[in-house]
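*Asks:* Found this in Swiss-Prot, in case it helps:
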DOMAIN    1-248  domain 'Deacetylase sirtuin-type'
BINDING   Ala26, Thr30, Phe37, Arg38, Gln102, Val104, Asp105, His120, Ser191, Ser192, Asn216, Ile234  NAD(+) binding site
BINDING   Phe37, Val104, Asp105  nicotinamide binding site
ACT_SITE  His120  active site, proton acceptor
BINDING   Cys128, Cys131, Cys153, Cys155  Zn(2+) binding site
Amino acid sequence: MYLVEEAKKVAEMILSSVNAIAFTGAGISTASGIPDFRGPQGLWKKYSPELASIEYFQKYPDAFWQFYSTRMKSLFEAKPNRAHYALAQLEKMGLIKAVITQNVDGLHSVAGSRNVIELHGNMRKSYCTSCLRSYDSLEVLARVEKGEVIPRCECGGILKPDVVLFGEPVHGIYEAMRIANESDLVLAIGSSLTVYPANQIPLIVKRNGGGLIILNGEETPYDEYADLVIRERIEIFLPEVISHIQSLHRSS
């Protein structure tokens, strides 16, 4: 019953907003089989974050690709879950204007979301660190799996996934901040809200007088600022919100 009441409240807040956005983190993709980073079964419990740093990539590109090709393969095998499709549906209904994500799996776009800001890049693309030529990561992954220890461009440059590694600047942060400044409601979904500067996006909306809904399995540093904090499973909760929105539409 509590889930139903929470979902109805979120539906009402979305319907009463003019410019709502979603801000998503790794937690939205765990139901797709992708581990998050900082949770009990998170990626950084198994590996050192150093492996995903630009310094490590530059010093040890062979070891980096050995690590990242395994991660890349698991991401390619993942499919969008009901939460991704729910956000795409909310955008199609005109109820959210953008999805700002920390994820590199590309699942929001696969699910049908159009206006997606990928702050940490997209692992489905790779590029040459010398000439900047773009590559399909599936092609690069196939080469690594066939034994190419360090995948290289035709020019000889080392290829790199088009993702933001630790020590690199975030993609599109100013565009994300512009969108946040124009928003009156943000749904922070599946994010620990600990990674700067991405974690400033929900705060911008809140500081401008907008609403903040946090949907996450673990506590976050911003729970105290939120209008609603929800601990339900994301892939179950968001479709429930859609159902309530449709019900409220029918009754109005």
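Every residue, even glycine, has its Cβ placed from backbone N, Cα and C.
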*Asks:* Hey, for the Zn(2+) site built from Cys128, Cys131, Cys153, Cys155, who else sits with CB inside 8 A of the CB center?
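*Replies:* Going along the sequence, the neighbours appear as Thr129, Ser130, Leu132, Arg133, Arg152, Glu154, Gly156, Gly157.
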*Asks:* Please work out which residue of Val104, Cys128, Cys131, Cys153, Cys155 has the most C-beta neighbours within 10 angstroms of its C-beta, and give that one of the binding-site residues.
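*Replies:* Answer by Cβ density within 10 Å: Val104.
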*Asks:* Around Ser191 (NAD(+) binding site), how many other C-beta atoms are within 10 angstroms of its C-beta?
*Replies:* 27
*Asks:* For Cys128 (Zn(2+) binding site), which DSSP three-state class applies?
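*Replies:* For Cys128 (Zn(2+) binding site) - judged by DSSP and reduced to three states - the answer is strand.
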*Asks:* Around the C-beta of Ala26 (NAD(+) binding site), how many further C-beta atoms are within 10 angstroms, looking at every protein chain?
*Replies:* 22
*Asks:* Applying a 10 Å Cβ distance cut-off over all chains shown, what neighbour count does Asp105 (NAD(+) binding site) have?
*Replies:* 26
*Asks:* Which of the recorded positions Gln102, His120, Ser191 has its Cα nearest to the Cα of Cys128 (Zn(2+) binding site)?
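*Replies:* Minimum Cα distance from Cys128 (Zn(2+) binding site) across Gln102, His120, Ser191 lands on His120.
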*Asks:* With every protein chain in view, what's the tally of Cβ atoms within 10 Å of the Cβ of Asn216 (NAD(+) binding site), excluding that atom itself?
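*Replies:* If we count other Cβ atoms within 10 Å of Asn216 (NAD(+) binding site), we arrive at 25.
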*Asks:* Starting from the Cβ of Gln102 (NAD(+) binding site), draw a 10 Å sphere and report how many other Cβ atoms land inside it.
*Replies:* 24
*Asks:* Out of Cys131, Cys153, Cys155, Ser191, point to the one nearest Val104 (nicotinamide binding site) in space (Cα versus Cα); all of them are binding-site residues in the record.
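*Replies:* Closest by Cα distance to Val104 (nicotinamide binding site) among the binding-site residues Cys131, Cys153, Cys155, Ser191: Ser191.
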*Asks:* Compare the Cα of Asn216 (NAD(+) binding site) against each of the recorded positions His120, Cys131, Cys153, Cys155 and report the nearest.
*Replies:* His120
